[in-house]
Amino acid sequence: MPGTTGADTASTEPGAPGVTRRRTGDLLVVSAVVAMLLALIAVRLGPSLLGSRTFTGTDLLRTFAPWANPAHPVQPQNGWVGDSVDFWIPALINAQHRLWQGDIPLWVGAGGPGSPLLAVTNLGLLTPLSIWPLLLPPEWAMGLVKLLQLIAAFTGMTLWLRRVGLRTAPAAAAGLLYLGTGFFVSFGTWVPQATTAALLPALLWTVERLVQRRTLTSALPVAVVTAFLVFAGFPAVAGHALYAGAAYFIVRLLADRRPAAGWASTVRTGLLGVGAVLVGVAVTAFQLLGLANLLSQSETDYRAASFFDTLPMRSLVSTVLPRAFLDDGFEGTNPVEAYAYVGAGTVLLSLAAIVVGRRLPIRRGVLTYLAVGALFCTSVIWFQGFWTDWLGHVPVFAGSLPGRLRGMLAVFVCALAGIGLAGILQRGGTRRQYRSRAAVVSGLAVVGVATLVYLGLRYSGRGLIRTGELWADVGIGIGVLLLLATAAWLSRRTLLGGLAAAMAIVLSGVQIVLSTANFWPTSAPTDFYQRNDFVTAVQQRQGTDRVLGLGAFFGSTGQAYDIRTVSGHTFQPAEWSEYLTSIDPTAYTGPWTSPTSPRLSLNLNDPMMHGSLLDRLGVALVALAPGERIPGIALGPDGKPPTESPWTGRQVTLDPGESLSRRIAAVDLQGVRVNMPIPRERGEPLELRAEIFDADGTRLTSGWLKLDGSPAGWVTIPVTGWALSNAKGPLRLKVTSFGDPVGLSVANGAPAVQLISPDPQDQLRLIHSDEYGTLWQRLTALPRIRWAADTEVIADPQQRLQRLASPQLSRSTVVLSAPGPAAAGRPAEVTVTLDSDDRMINKVRAKGAGYLVVADPLDPEDWEARVDGTIVPLVRADHAFVAVAVPAGEHTVEIRFVGRNSTLGLAISGSAVLVLLAAGVTGWVLRRRRRVRTAGAPPG
């Protein structure tokens, strides 16, 4: 650490003019930081904290069935927040609902194969920052979580840099700058990722505190923050943080070695640090072991080469131009994973720190560590080569996207920026030193201005570029650079230099407020998983079976309503993936899919819709998005094959609220067709309602059709009328237009109409229809929890799947993967008395031995089966599912989630907590004894 000059010494005397001016300059900077921090909270979080908005992107739901109004499509504020909307928030709602009912939510069965909740770290709820949505209404608590994340990130960075040796002003400025960085901002509504990012500076603060104090109690915060990092639920970045923290610990420990104490002090402190991290990780064992088990069961081969997927150059450009490449402008990757903003001023200050920071009284080794760390992260993220290939085989880095290092890069760069700002505002030194420092900063500013202008000219007007925002950010960046250069030249005049630096902070804060708008979407509270008539109909009819969403309930959104959908955004067990791809080979590769979020791209006329694979999956219901093709047989208004031609008649225009009627035959219906001779373009909504009345004028049923434009020809209005043949006829059909005027064909003085009657071969029944979609019952579906009276054993997976798809396989047969007890071929009565997410209880009255089959991909090592209280094997059945052998007679069969190694995990976590408590008590006792000895020592 450099010594002080005479000027430095003079300037530190209390009451000296230099001290007063420096404090005033610092106060201006701190005031600017506080003002912009409050502005960020007020603008971005204020409405959510007041309850008029919710800090979620749930307006995205209104672009999908069953929440969308197809006639009036909306543009969500941010279409890239799907992961939080279709995975994290639905799982949270499920967990919170069950917790308040007194049930510890370890597993959720709704949503594809099901997934663990509090049994693993994925939700990241067990930290002081993120636990609140479990305890409070989630739609409000999301804003509170973001507020706490901001406070934690800002406080952690400020405390760390203060302990390193910076004054409050530059340390707080670095804290503000960190709040606007790419990783922290782009994962704004992803609670696990943002919580992890918020804790990164705190880890380095606790490490620095341990290096300086070297006591048992100073090691405890390291353990606590380590535990919260793991609990936060984003293992990749938590792993990066632990690597970075270990490197920082080693560098600081060696740089701060105390010769008087010898190596013993260094070794003892090193052991304290290692022990603290191990205890912190051990605290999380009850979730961490569960996560390891989950990953071992899941299909993760798609991640094998992820480390080598470097980010595009536009991502690098976003470090200084935050708003130019939003939406689809990041060349093959999404902005959440590519956005890397730190700010032009932050870059300038971090580069300046390498030169001007050497004269600051900061802790040894810190500046070098930060510079090397920033260079390392930059290389891995954007400039990989033979020098980084080895990292692809290192735990945590292997299989993880390199862009996840943006979190640590932001920490390093913002810390350097704080040092750079402290160097610019440093009081003391010769006139030559002032000028040299100002020349360095000015030179960097000139290069920065030229770079910003070049980037503006290069990308302006290009496709997928927001040109207006591009030039606005160029202007803001130039303003910040010029103000920092001015601050460097006026640093001898501390008040003016502080004023220029404060103005640069304000301008940087404005850019942060503006750039967070896209990544921190807010929505109306009414958009938060709205429960409409269609959702209610699905809930009431699903029973214990599954729902196949065709254009509806994307991802795991059904979890928010306890709807057990085939689709699910979660890790996918290998057998489950193989089963789904046997139904649809594009389940994991088609549009709107991923290796963790499949979708069956079928339609109601697809042969697979009537296949045994869906039957055995327990798919009893199909939720169909509006506008999809309705199957059935077309009939004329008289119930016979159609003979009318709509093209020989004329067109009648229906204004909003106007109707056309005609008599129709009393036949079973699932839709009516009307003819529209003129096409409607997008932006021309089509809204029609069909109502059917009996001979007495009583309305029997109705249906809606809402579309945003439509080609000319027949359009089908779904109508739930599978029992209309029993109605008193003749019936009357009334078609009413809503919204924009619409032209319909008229034949023989009445609207041209076709009736869509059910086709018996479809084995489908329309049981609900409204403006949000149609709900169909599959009449051939097997119960999800069923009895199998016979067995077949097929060890080969491919042969097993082929057999399961065969229509010749008896519906009462279960296909086992390995031999088991024989089945007697006799029927049984199964009564499901409990079917919660992580526990099932079934009463079985069997006339002979057989198997209780559960069409869920449960891992026999995580689930326990009992027959009349006795533990029995849970065997793999029908390739992806499980079964329990049940003898003849009356029995109670219970299947519940226990979690592999859960007892071991709880024992490790409990022991680690006890170690922490013991260490805290021991440290307190030792500190008290030292105080007593000190107080009792003779003076002098």
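A Cβ is built for glycine as well, from the same backbone N, Cα and C atoms used for every other residue.
Under the heading compositional bias 'Polar residues', TrEMBL lists 1-12.
Summarising the annotation, TrEMBL assigns region 'Disordered' to 1-20.
Sequence annotations record features per position, and here TrEMBL assigns transmembrane segment to 27-46 (among others). Sequence-distant contacts of the transmembrane segment (27-46), counting only residues of its own chain at least 6 positions beyond either end whose CB sits under 8 Å from a CB of the stretch, comprise 55, 143, 146-147, 150, 154, 168-170, 172-173, 175-176, 179, 421, 425, 495, 498-499, 501-503, 505-506, 508-510, 512-513, 516-517, 520.
Summarising the annotation, TrEMBL assigns transmembrane segment to 140-161 (among others). Listed by sequence, the residues of this chain that lie at least six past the ends of the transmembrane segment (140-161) yet keep a Cβ under 8 A from its Cβ atoms are 37, 40-41, 44-45, 48-49, 51, 53-56, 89, 128-130, 132-133, 168, 170-172, 174-176, 178-179, 184, 188-189, 191, 194-195, 197-205, 208, 411, 414-415, 418-419, 520.
Counting residues 6+ beyond its ends, the transmembrane segment (168-184) has Cβ neighbours under 8 Å at 25-27, 29-30, 33-34, 36-37, 40, 150, 153-162, 193-194, 197-198, 201, 237, 318-319, 322, 339-343, 345-346, 404, 406-407, 409-411, 413-415, 417-419, 421-422, 425, 498, 501, 505, 508-509, 511-512, 515-516 in the same chain. Annotation comment: TrEMBL describes 168-184 (among others) as transmembrane segment.
As annotated by TrEMBL, transmembrane segment applies to 219-251 (among others).
Feature annotation from TrEMBL assigns transmembrane segment to 271-295 (among others).
Taken from TrEMBL, the feature transmembrane segment applies to 338-357 (among others).
Look at TrEMBL and you will find 366-387 (among others) tagged as transmembrane segment.
Among the features that TrEMBL reports, transmembrane segment is placed at 407-426 (among others).
Through the fold, the transmembrane segment (438-458) approaches residues 317, 320-321, 344, 347-348, 351-352, 355-356, 424, 470-471, 474, 477-478, 481-482, 484-485, 488-489, 491 of its own chain, all at least 6 residues removed from its boundaries and within a Cβ separation under 8 Å. The annotation transmembrane segment is assigned in TrEMBL to 438-458 (among others).
According to TrEMBL, the transmembrane segment annotation covers 470-490 (among others).
According to TrEMBL, the feature transmembrane segment maps to 497-520 (among others). Sequence-distant contacts of the transmembrane segment (497-520) (same chain, at least 6 residues past either end, Cβ-Cβ under 8 Å): 22, 24-29, 31-33, 35-37, 39-40, 43-44, 55, 77-78, 146, 169, 173, 176-177, 179-180, 185-189, 322-323, 326, 335-336, 339, 341, 343, 345-346, 421, 424-425, 472-473, 476-477, 479-480, 483-484, 486-491.
What TrEMBL lists as transmembrane segment is 904-926 (among others). If one looks beyond the transmembrane segment (904-926) by at least 6 residues along the same chain, the residues whose Cβ comes under 8 Å of a Cβ in the stretch are 215-217, 219-220, 223-224, 279-280, 282-290.
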Can we call the transmembrane segment (470-490) and the transmembrane segment (271-295) in contact, meaning three or more C-beta pairs below 8 angstroms at a sequence separation of 6+? no
Counting only residues 6 or more past its boundaries, what in the same chain has a CB within less than 8 Å of a CB in the transmembrane segment (407-426)? 22, 25-26, 29, 157, 160-161, 164, 166-167, 169-171, 173-175, 177-178, 181-184, 196-197, 200-201, 204, 237, 240-241, 244, 340, 342, 345-357, 359-360, 362, 366-367, 370-371, 373-374, 377-378, 381, 437, 441, 484, 487-488, 491, 494, 497-498, 501
Feature contact check the transmembrane segment (338-357) with the transmembrane segment (271-295), CB under 8 Å, 3 or more pairs: no
What residues in the same chain, six or more past the boundaries of the transmembrane segment (219-251), come closer than 8 Å to it by Cβ-Cβ distance? 121-130, 183, 191-193, 195-197, 199-200, 202-204, 206-211, 270, 272-273, 275-277, 279-281, 283-284, 287-288, 291, 365-366, 368-369, 373, 395-397, 400-401, 404-405, 407-408, 411, 916, 919-920, 923
